Structure formats: structure tokens, C-alpha cells
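A.B. asks: Encoded as C-alpha cells, here's the structure I'll be asking about.
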Amino acid sequence: MHRMLTELWPLHRTINSDDTECALQMCCDYLNDDRFIIHRFRPNTDVYTWWIPERYHVNEAWLEIDGQRIADFSENPLHLLSYSLPQEIEGRLGDIREHIWSSTKRPNAIPWEFKYYDRSWGFCVRHNDLKLFDDNSKVRGLINVAFTDEDFCLGDFYLPGETDEDILFLTNICHPSQVNDSLSGLVVGLEMAKELSKRKRRRYGFRLLIVPETIGTIAWFSKNEELAKRVRYAWFCEMVGHDNSFILQSSRQGDTLIDRAFQTVLPTLRNHGKERKGEFRQVVGNDEMVTNGPGFDIPTPSLTRWPYDEYHTSDDNPSIINPDNLKESLNVFMNVWNELERNYYAKRTFKGPVMLSRYGLWVDWRVDFELNLKAEKMMTMLEGDKSVIDIAYELELTAETVRIYLDRFYDAGLITKSFYSLS
């Protein structure tokens, strides 16, 4: 995953560019599976209330102050305001300051700014470079760009399941020359797709969308409403490579099976107790507003390690990525998937409390005090109206703990199983 992330990092992956299409092809090559499709949309066509942006070509872009070049697109794409209009610059620094961005919080980094729809022109520079000059300094520069009608692209990988119910993994491919936002989520999604494709059987269908943020998801949904009806749950992933604890942002509904699944898997982490939770759209805002918004309302939690200081700057580079954090993130999503696939309703066949020791079900409190404490209450929850994940959530146990324990009840003939529909 880390190698793929590093290879994608330098590319000028804006919402519609040659490098974005190149990055999608690299994703296709990584999976080496003809089920990966690159969808194409014509610029300036409507998708719901939005419109598809033109392709952006940068031929040359630079800025000099008193003869010193402080911004050059060829050095780093972040130097140019994304989707900047063409411009020839000559005059005084004081006359163009509103077109220059820098970060006082990270003065040695290049900030990232964009004007995709409300367009202007501008440069992003290191604050420590900019502060060397005053308003009377002479400026000279050029922005030589073109907007063309070449296709807007997004990636779509689908693995069918045994049911007509799908789970959607959302991730972004934009954010040029940055890695944690959003490539860390992208490579986790790719690796999950690769792992699931090895399985001969899947209960649910798995769809991975690799899209330019927001507009890509809107574009796919606008042309695939029938397929969208199959999606029961979605999740979004980005910013998972740096050293911080996880934060789970809930779906808009807040208490759905998918929310509960994450909350009963996260406690299995090596640093359990440090993970955090936040309400819908109160942690980070991404494509969940499309899937979990008006017209679709598919429960869509997101998993990140927000915040991080390097956000939207050139300091968001491979040096801040810990490969172990990518692996841990993949494990969370795989475990959530596995628990959803194994989830079932448990209905008792017994009356009265079970004599646990008779069936080898007594839990030694010295071995597992928490399960020992909650085993009796679990017996009162086996009326066939709660799933394993529901029981785990209500008892504040992991889904794995409850499932393994109830499987022993099943083996002893004490419960029946009916498998869970996501509907």
C-alpha cells in the first residue's frame, strides 16, 4: 500500500486532469482485474444541480518577486491555485497580495488552495519566502493554462455477492501532491478490493468508488440510480496514514447496523480506548453528504485519524505516513466486513437460565471478567429480534466476542440462527 501511495503522490491529481486519469489507470493496473471500470463524463453537462468541470491543463506557471522565483508549478503543483485562470503578472507585490496564499502556521510549507467553480487566479507560496519582500517589491509571473472538453473520469470496481445487497467503499483520488488526504484511504480501498476478490463467496456485493471529491460521487449516482438502490450501507475513508488515533464519524442516522458494526470492531485495536467518535459532518466533510444526503440517505459513517497539522500543505507527503497505520486501517474495514457477513439473529430454544457449566459455556471470571458479568444478560436478548452486532453493541462487547460465544450456544442446540438482511 505504501509503495502505491508513493507512486501516486507527485501527480497533479485535480478534479479533472491528465494526471487524474493516469492515476485511475494505475489503480486499474494495481488490481489487475477487468472488473475495474473508468467511467467518463462530458464536461459542462449537468449532474443533478452540479455540472461536470472541464479538464485542466497547466502548460507553465511561475511567479518571481524581485527576480527571485518563489512559485513554480514544475517544482510542485501546489504552487498554483487549482483551476487558476490564465494570467500575465507584472507590477508591485502590494497589488496582487489577494492572489497569493501562504500559511503562517506552517511557514516552510506550500499551502493548497483551489477555485474549482468560483474561479480566480493565484499562487501558493512558503510564508518564509513571501515575508522577505514588501509591497513595493516588483513581481513578474505567468499562468499559462487551458480548459478543455476532455472527459471527467472516475473509477468503479464491483464484486457481486450472493444477495442483491451492496456495501459501498468511498474514497477520493484528488488533492494533488498530497498523500494522507486522500491517497491513504484510496490505497486501503484498493487493498480491500484485492482481498475480497480472492474469496469464492461473498454474501454482499462490494463496490469501490475512486472519485474526485463530491462531484465524482454525484456523477456516478446521477447515472446509476438503479445500482444505487442496491447499496444498503457505505463508508468513507481518508487521512488514516499518520500517527493519531481513529475517529469514527457516525452516519446521519447515527444508530444503524453499520455504525454499530464499527463501534463493536474498533475496541479490538491494539490501542483500544484511544479511539474517538463524532457526529455526522462534525469531524470531516466529504462524499458522505452525497450518499447520506437528500434523495439517497444511505447510512455512511467515515473513519479517519483527523486532525493532522500537515493538512492541505506540501508537508502532507510520504514522510508522515506510517505503513503500520495503513495496515491497521485495512484490518478495521476487513473486520467490519467480516462481522457483517457473519452477523445473524439468535433465537433461544431454551426456557429459564441455561445451566452454563452443563454445556461448557460457563465463563471463568478470572479469564474473561467482562463476558462472565454479561453472559446472563445476553441470555435475555436471544428472542430472535436482535443480531449479534446489536447484542454486542448493547452489551459493550466486541462483535467477535459475542459471535464466538453464541456459536457455542448454537453448537449446543440452545439457539437457532437466521441470517441478517441489510434491508
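Each Cβ is built from the backbone N, Cα and C atoms, and glycine gets one as well.
Below are the features I grabbed from TrEMBL:
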- His175, Asp181, His312: Zn(2+) binding site (BINDING)
- 2-343: domain 'DUF4910' (DOMAIN)
- 56-136: domain 'DUF2172' (DOMAIN)
A.B. asks: Which whole number is the mean pLDDT over the domain 'DUF2172' (56-136)?
C.D. replies: 98
A.B. asks: Taking the mean position of the Cβ atoms of His175, Asp181, His312 as the Zn(2+) site, which residues outside that list, in the same chain, have a Cβ no more than 8 Å away, listed in sequence order?
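C.D. replies: These residues sit around the Zn(2+) site: Trp112, Gln178, Asn180, Ser182, Tyr311, Asp316.
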A.B. asks: Any idea what DSSP makes of Asp181 (Zn(2+) binding site), helix, strand or coil?
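C.D. replies: DSSP call for Asp181 (Zn(2+) binding site): coil, neither helix nor strand.
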A.B. asks: When you measure from the Cβ of His175 (Zn(2+) binding site), how many other Cβ atoms are you left with inside 10 Å?
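C.D. replies: Neighbour count, Cβ to Cβ under the 10 Å cut-off: 24.
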A.B. asks: Counting other Cβ atoms within 10 Å of each residue's Cβ, which of the binding-site residues Asp181, His312 comes out lowest?
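C.D. replies: Across Asp181, His312, these binding-site residues, the one with fewest Cβ atoms within 10 Å is His312.
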A.B. asks: In three-state terms from DSSP, label His312 (Zn(2+) binding site) for me.
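C.D. replies: Its secondary structure by DSSP: coil.
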A.B. asks: Do you know the DSSP helix, strand and coil residue counts for the domain 'DUF2172' (56-136)?
C.D. replies: 14 helix, 29 strand, 38 coil
